[in-house]
Amino acid sequence: MSNRKYFGTDGIRGRVGDAPITPDFVLKLGWAAGKVLARHGSRKIIIGKDTRISGYMLESALEAGLAAAGLSALFTGPMPTPAVAYLTRTFRAEAGIVISASHNPFYDNGIKFFSIDGTKLPDAVEEAIEAEMEKEISCVDSAELGKASRIVDAAGRYIEFCKATFPNELSLSELKIVVDCANGATYHIAPNVLRELGANVIAIGCEPNGVNINAEVGATDVRALQARVLAEKADLGIAFDGDGDRVIMVDHEGNKVDGDQIMYIIAREGLRQGQLRGGAVGTLMSNMGLELALKQLGIPFARAKVGDRYVLEKMQEKGWRIGAENSGHVILLDKTTTGDGIVAGLQVLAAMARNHMSLHDLCSGMKMFPQILVNVRYTAGSGDPLEHESVKAVTAEVEAALGSRGRVLLRKSGTEPLIRVMVEGEDEAQVTEFAHRIADAVKAV
């Protein structure tokens, strides 16, 4: 990937009011994107957002820029990121734009693009947009200006799409489900999907006010969900993040079920139904218990770099159809084009309904290994601690002691002088001691 000025691996993101998430920048971005995308023929762009208060300001700025370039905007209102990808495909729009900062706090926001087929924009198009940003903004003739309109049935369309990924012969009528929508974009979607499939639904995190997205609710903080599942004696809980591309679950005992366990359940069910093609893709952070459990089932497993973008790239490279991060991004290419929390959750619910098993029992075939993470700061000018012989020696000792039943992963932070030490194995006390031994070696450099 070339050096970008604005686009990161997941679009453009930052604190609202600070560059680049300012009204003037976003207007210019809309104009530049419009100039580039207009070359491709269609003049429609879908714009969706999550529930952040800044979404109103940013969608107006985007629309003004697009209109100046001669493109029309179709607004969805608050809508999950995967819904925008789906609507972009079905409306055959030239692109879809999501205004969201996913699981971040309300004061952050971001802009992410989807291409006409519901996948990430090609690098070449992002680079062309960046090149256009360097030019002086101009306006097409008045007769050529773009317009804005609203897709009034956007939510209904996406609800039907989600329901269609759940087998017709199954029902959720025997399940009591607590759903936590993080006060985010799934608040008017997920409870309706589950109710229409027959579930008894208790909804929390469904009262967005513009500033409470992801605040002590949702996939990044499941404590409220765990408490409610136990209080209601529910069969399970499902949590989404602010833009609905992540899902984390909670079993009837209040235990957290993460993206690794969700992928295990879906992959095993695919194997049982004769629908699994190839293997499954995780990341460097995926639990070793997942790798061993899939191996026992004869399902190939590969690790990608951390980030759903890299998971998708590895899936495409291998020709596989399922991938996930332990954070809850689950990509099911047989169902959709991007990570979709609602669709992934429905596949787990289908496995529960088909096998008449609890979520707790479906997870029992996979033993999660203790994973200990230690962050170690180092002096930026002191060179790379990971290249130091003493660190290499201690790491080699730990790897030898763990053998094939554990892992060591050392990663440098991309944003600060920090080494992330991760040690994984069967014995938590031993793994903790090993992690701190490596951390001490890094500190001593």
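Even glycines carry a Cβ here, placed using N, Cα and C.
Worth saying up front: this structure is predicted, and the values here are computed from it rather than measured.
From the candidate list S102, S390, S404, S413, the residue Swiss-Prot records in the Mg(2+) site shared with D241, D243, D245 is S102.
Within the same chain, residues at least 6 positions away in sequence whose Cβ sits under 8 Å from that of D241 (Mg(2+) binding site) are S102, H103, A182, G184, N214, G218, A219, T220, G328, G341.
Same-chain residues with CB within 8 A of the center of the S102, D241, D243, D245 CB atoms, the Mg(2+) site residues themselves not counted, are D50, P80, T81, S100, H103, G184, A185, A219, F240, G242, G244, R246, G341. For D243 (Mg(2+) binding site), the same-chain residues lying six or more positions away in sequence with a CB closer than 8 A to its CB are D50, P80, T81, V98, S100, S102, H103, G184, A185.
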